[in-house]
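K.L.:
The structure follows.
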Amino acid sequence: MSFLLHQSRFFTTVNHLQDLPATSQPEICFAGRSNAGKSTAINILCNQKRLAFASKTPGRTQHINYFSVGNADEPTAHLVDLPGYGYAEVPGAAKAHWEALLSAYLQSRSQLRGMILMMDSRRPLTDLDRRMIEWFVPTGKPIHTLLTKCDKLTRQESVNALRATQKGLAEYRAAGYRGELTAQLFSALKRIGIDEAHALIESWLIPEAKGETDTPQ
């Protein structure tokens, strides 16, 4: 099966807000804790082995990486890989820099259509995950959570993790958050949830495709 995301390539790296590219195409950002499997998920969704660099040193990536999607000369959209968060050994100044960069990007980027938030299915909705959601709340844009590494859980543990995450996300809806909040199980290793994630992401990038698939809950 062919997906738009399979036509992805590196575009640019950004380390300061003023360096964000002056593009008009829609963007989807990918966020998550260090070691939540974010780079691996991006690579499997784009059907490439090393599009997003998976560092063996958690917290090493402290900048924003852009990938163009579609035709190289006239991209349809951009995928935006945000720095992993939550690694204790990152120096305080670097951590403060990228937290400021993340929050400013999430709240001010008009091209942004939604966030794909990666959470380790064994430890969903940590305090830092909640902070990321709360940075995004003012935008009213959708957040879709991928509960990664679900292959490491039993079937019942996976069901429980998904239910607990959905319950936690429902708290934001009850508090008045206007954007869609959805979640699904995901495993790059066992290829669980890949087609489901593809369909949702492409419905954000190409609105007319939205009616062709049901949105995960």
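Cβ coordinates are placed from backbone N, Cα and C, and glycine is handled just like the others.
Summarising the annotation, Swiss-Prot assigns domain 'EngB-type G' to 24-207 and lists sequence analysis as the type of evidence. The GTP binding site annotation in Swiss-Prot covers 32-39, 59-63, 81-84, 148-151, 185-188, and the record cites sequence analysis as its basis. Per Swiss-Prot, Mg(2+) binding site is recorded for SER39, THR61.
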K.L.:
Per DSSP, ASP151 (GTP binding site) is which: helix, strand or coil?
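P.N.:
SS state of ASP151 (GTP binding site) = helix.
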K.L.:
Measure from the CA atom of HIS63 (GTP binding site) to the CA atom of SER39 (Mg(2+) binding site) and give the result in Å, rounded to a whole number.
P.N.:
13
K.L.:
Let me know the model's mean pLDDT on the domain 'EngB-type G' (24-207).
P.N.:
90
K.L.:
Identify, in sequence order, the residues in the chain of ALA36 (GTP binding site) that are 6 or more apart from it along the sequence and have a CB within less than 8 Å of its CB; answer 'none' if there are none.
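P.N.:
Non-local contacts for ALA36 (GTP binding site): GLY84, MET118, MET119, ASP120, THR148.
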K.L.:
If you draw a 10 Å sphere around the Cβ of GLY32 (GTP binding site), how many other Cβ atoms fall inside it, taking every protein chain shown into account?
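P.N.:
Counting Cβ neighbours of GLY32 (GTP binding site) within 10 Å gives 28.
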K.L.:
Starting from the Cβ of HIS63 (GTP binding site), draw a 10 Å sphere and report how many other Cβ atoms land inside it.
P.N.:
15
K.L.:
Restricting to the chain of ASP151 (GTP binding site) and a gap of 6 or more, list residues whose Cβ falls under 8 Å of its Cβ, or answer none.
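P.N.:
In sequence order, the residues whose Cβ lies under 8 Å from that of ASP151 (GTP binding site) (at least 6 apart) are SER187, LEU189, LYS190, ILE192.
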K.L.:
10 Å Cβ neighbour count around ALA188 (GTP binding site)?
P.N.:
20
K.L.:
Taking 10 A as the limit, how many CB atoms besides its own sit near the CB of GLY84 (GTP binding site)?
P.N.:
25
